[in-house]
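Feature annotations, courtesy of Swiss-Prot:
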COMPBIAS  481-491  compositional bias 'Acidic residues'
MOD_RES   S9  phosphoserine
MOD_RES   K282  N6-succinyllysine
MOD_RES   K282  N6-acetyllysine
MOD_RES   S467  phosphoserine
REGION    17-108  region 'Molybdenum cofactor biosynthesis protein-like'
REGION    302-459  region 'FAD synthase'
REGION    461-491  region 'Disordered'
Amino acid sequence: MTSRASELSPGRSVTAGIIIVGDEILKGHTQDTNTFFLCRTLRSLGVQVCRVSVAPDEVATIAAEVTSFSNRFTHVLTAGGIGPTHDDVTFEAVAQAFGDELKPHPELEAATKALGGEGWEKLSLVPSSACLHYGTDPRTGHPFRFPLVSVRNVYLFPSIPELLRRVLEGMKGLFQNPAVQFHSKELYVAADEASIAPILAEAQAHFGRRLGLGSYPDWGSNYYQVKLTLDSRGRRIPGGNAWPNLTARLPQGSLVPYMPNAVEQASEAVYKLAESGSSLGKKVAGALQTIETALAQYSLTQLCVGFNGGKDCTALLHLFHAAVQRKLPDVPNPLQILYIRSISPFPELEQFLQDTIKRYNLQMLEAEGSMKQALGELQARHPQLEAVLMGTRRTDPYSCSLCPFSPTDPGWPAFMRINPLLDWTYRDIWDFLRQLFVPYCILYDRGYTSLGSRENTVRDPALKRLSPGGHPTYRPAYLLENEEEERNSRT
């Protein structure tokens, strides 16, 4: 079937409206991730998404949205409300929107029978004017077993994110607009948004319709305060004096060469640093050698990283992740971390822990109590574990005599302690994290230099400063001048 987008005249805008269907979204029971994927993919296909709507599981409401969107946009994509249950009403709503009847479709009847089981018959009842699109499953290279249903310019996608993504990937030809290609550029600025607002307004007035300039503050980033996005349609980001003038007017030193994909690109960046020959690079190379030795001696199921959200174990986790990316790229096992929960953890640290688990795709092994108690619990619950990678440095208490591979002491649960960072300094840790734009706990940007629980951790007095108004403020931990004052945060 010829796609509607391919029939358009060259240069004509192709637009889309997205309707997300589901009471579970409106009630907060389920987090919608489909919108982000649909918008990003459609834009990559030259399609401008103009509106997103979330509708409840109500036939009349969905039908009204479909009618409105169908008249206004080239394509309408719905997600959700397709299934065997009473609240799956999208087919019925679309039929109502176009004055169609619901009728069983022979091909869908055959497809539902192939699914096996009972209760799937409802999926074969579609609007009488429906078209079926089989596409190619990107995972198998074969046509989808169950087709995508469309009615006029409305395409009815499933709500399951993994399935929706596969279907859209296999149906790109329905929406591809070769006449238009969107180009974008991102800038990261370490300056308050209000302070650069006049500069941005003047730049947008100068660019006019050639360029869309967006400004998005980020209060949770360790590296920038504002992300600027510059978008153009059908051409690359304009050159000439416009672009240099914008960057030149931003506060001096505020542009950050930020890498938003630091975790995905960890292997390339970490090994490049290790091979640089710099002082830090040599420390990285030594740590990687220890980690690679561990990977040669133990499987991933026998290893875990001791992780409490601190700066040292964050650097260690990134190194370990990079080494696994390089040495074991095809091993599906997630990396394991051991988290020993304190009695009163910082909420910010707990949030960072959850973000890190998602960011690195980790499996968390949780324990409580002292280190000795936690290792005993770990051994009892996960007997396959044999070694724990630790972010210990020689300057830590009771650590000056450790070796890269140190068995636990007699009387302790038997584990091999692997210490890749023994010879690293406080400055080495921060240089590594900051140079590679590794995300770390936001508390370090608020004056804490060493993290424990809320009961034994305070801001480091060495970082305290007075603001112009006379109020006390704290510089970030990476600006600590005397490394011997690192543990001033612990009481």
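Glycine too: its Cβ is placed from the backbone N, Cα and C atoms.
Remember, it's a predicted structure, so these values are computed and weren't measured experimentally.
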Around S467 (phosphoserine), how many other CB atoms lie within 10 A of its CB? 8
Number of Cβ atoms other than its own within 10 Å, given for the residue listed as 'N6-succinyllysine': 14
Cβ contacts under 8 Å made by the region 'Disordered' (461-491) with residues that lie 6+ beyond its boundaries: 311, 395, 425-427, 430, 433-434, 444-452
Any idea what the Cα distance is from K282 (N6-succinyllysine) over to S467 (phosphoserine), rounded to a whole Å? 39
Per DSSP, the region 'Disordered' (461-491) contains 13 helix, 7 strand, 11 coil
